[in-house]
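Asker: Quick one: this structure, given as structure tokens, is what I'll be asking you about.
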Amino acid sequence: MTELDRAKFTKEVTVPSVEIQSKNVGKSMPVFKKYLLKMEKLKPVTEVQGNDERRKLLLDPILFETFDKLREEDQQKLSELDLNKNSFSNTSLHLEYHNFRIDDVFKAVLPEGKEGCTSYSRIGHIIHLNLRDHLLPYKNLIGQVLVDKLIGVKTVVNKSSAIDSTYRNFQMEVLAGEADFVTEVKENLCTFKFDFSQVYWNSRLCTEHERIIKLLPQKSVLFDVFAGVGPFSVPAAKVRKCRVFANDLNPSSYHWLKENVRLNKVENVDTFNLDGRQFIREQMPPFLLTRPTEPIHVTMNLPALAVEFLDAFIGLLSGVELDPLLDITVHVYSFCEESSAFSEMRTKVESALKHSIENEQIVELVDVRDVSPKKHMLRLSFRIPPDVLTKAAEEETSSEPKRLKLDLETQDR
């Protein structure tokens, strides 16, 4: 079946059942609970017509056979409730499409071996699928079933292209429901509103967002280089009362970032629509030269490219004497191969910084999630070596660092 035909699910079935005194229903559950018939919009415990003192229990015919097949101790428990093999009978049921669960529907309509469609992400009223090729002929059916069966779902989309590395969005195809991509998500005590078709949002990163928020000390400072719509920045300001500088290159992300700052009524958040390297080089030095005493954190969640932007820290405060030393912790993400993920991550970071990182400078190295069987998303949190920040500009570098140094000296005065 490639087009959903709900009428095909209408059928008459017979299931085992047992009548029991209403007062004994609870007492019988230790025996019957695992055998109860579980279907959508169908109560397994029903009233017996014309008798308020009795109830009928509907049992799953796959799980329950006969009274005699029950364990001896279960038979004894039921006997104490005045139940025996003559208490059981068969009951006819009229079933329709709305009685079947998602997995039952897929198993019934998709070819054997192709019914595996249990992995999806939910973003507000939107279900996001990434269907494999063998399921594409059934994509519209799958979408319609999800709209039918999941409460509050209005739109089902399938990823139809790779994520764009510049703006971190991707092409999607509407499989069922409305082409309504503006949605709301609640996460870490905040509400996020955005157009899912124009920005990057991954619900599977909810736990990682929470981990970072918990790492931030109260009233610390956060520079969010690839902020997206604000899953780090907004709760950092709202929950941890941080001073936040949030940036994203994607104009749509920048729009919704500002909207989420407003929606959550947070203060102390400055937003920027810049390239990540430009954001680091232009916005961090003026603040750092105020000699802040608060801990400073930098989040760089762009796993495909973030490590490449670490070179923006080289010579960021060239010619500036850091006394006292600044407490700057960078949280940078990258994709690594499973077999050498941890060593690969550290090597990438040290190569980008052109400087080694001592063990005591590493806060933690976290395996955030499996992207594929051999590909992992990792986060390295480390305190940036002061020598990286104060390194003198090299001869072969562009004039930008030199110009920046002059700007810094002017700012310092």
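Backbone N, Cα and C define each Cβ position, glycine as well.
Given the structure is predicted, the values throughout are model-derived calculations rather than measurements.
Feature list, courtesy of TrEMBL:
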DOMAIN    120-386  domain 'SAM-dependent methyltransferase TRM5/TYW2-type'
BINDING   His209, Asp248, Leu249, Asp275, Gly276, Asn301  S-adenosyl-L-methionine binding site
REGION    392-413  region 'Disordered'
COMPBIAS  399-413  compositional bias 'Basic and acidic residues'
Asker: So what's the average pLDDT for the domain 'SAM-dependent methyltransferase TRM5/TYW2-type' (120-386)?
Answerer: 93
Asker: Using all protein chains in view, find how many other C-beta atoms are within 10 Å of the C-beta of Asn301 (S-adenosyl-L-methionine binding site).
Answerer: 25
Asker: Taking the Cβ of His209 (S-adenosyl-L-methionine binding site) as reference, which residues of that chain separated by at least 6 in sequence fall under 8 Å from it?
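Answerer: Within the chain, His209 (S-adenosyl-L-methionine binding site) has Cβ neighbours under 8 Å at Glu187, Asn188, Pro231, Phe232, Pro235.
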Asker: Are there any residues in the same chain, six or more apart in sequence, whose C-beta is under 8 angstroms from the C-beta of Asp248 (S-adenosyl-L-methionine binding site), and if so which?
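Answerer: Result: Phe226, Ala227, Gly228, Tyr254, Leu257, Phe272, Asn273.
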Asker: Which chain-mates of Gly276 (S-adenosyl-L-methionine binding site) that are at least 6 residues away have a CB under 8 A from its CB, listed by sequence?
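Answerer: Non-local contacts for Gly276 (S-adenosyl-L-methionine binding site): Val225, Phe226, Asn247, Leu249, Met300, Leu302, Ala306, Phe309, Ala312.
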Asker: Let me know how many other Cβ atoms fall within 10 Å of the Cβ of Leu249 (S-adenosyl-L-methionine binding site).
Answerer: 20
